[in-house]
Amino acid sequence: MDYYRKYAAIILITLSVFLHILHSLPDGEFTAEECPECKLKENKYFSRLGSPIYQCMGCCFSRAYPTPLRSQKTMLVPKNVTSESTCCVAKAYTKATVMGNIRVENHTECHCSTCYHHKF
């Protein structure tokens with residue numbers, strides 16, 4: 001009888017550890033090592049029944065390469081590495097009012113283009 005209690009306890013502990021690990025994994029958004037492609041995704045915070053709000057999400061490319069010597073000579077502060085990247089941004093959008101008086105952009109089309117947050 002004591003043997004079965006130990007066996008049951010081990011099974012329950014193993015099951016609880018497995019469920020804890022399973023529960024701690026993300027909900028499938030970024031489970032792959034690679035980032036998903038740039039596309040529209042519903043914004044669950046601003047969306048309401050019958051009036052979904054979409055935003056562009058995903059990854060585009062970025063790369064770094066050695067700066068050509070002739071380009072380094074023209075720089076005020078020469079840098080050995082030049083980087084280039086694009087971000088997932090809205091190609092087209094409409095203005096929408098949510099929660100009474102908050103104006104947001106409801107993205108309708110996405111593409112990879114200049115990263116706007118770098119332009120401040």
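Any Cβ shown, glycine's included, is placed from N, Cα and C.
Checking Cys35, Cys56 against Swiss-Prot, the residue bonded to Cys110 by a disulphide is Cys56. A disulfide bond in Swiss-Prot ties Cys60 to one cysteine from Cys35, Cys112, and that cysteine is Cys112. According to Swiss-Prot, the cysteine that forms a disulfide bond with Cys35, out of Cys38, Cys59, is Cys59. The disulfide partner of Cys115, as annotated in Swiss-Prot and taken from the candidates Cys38, Cys87, is Cys87.
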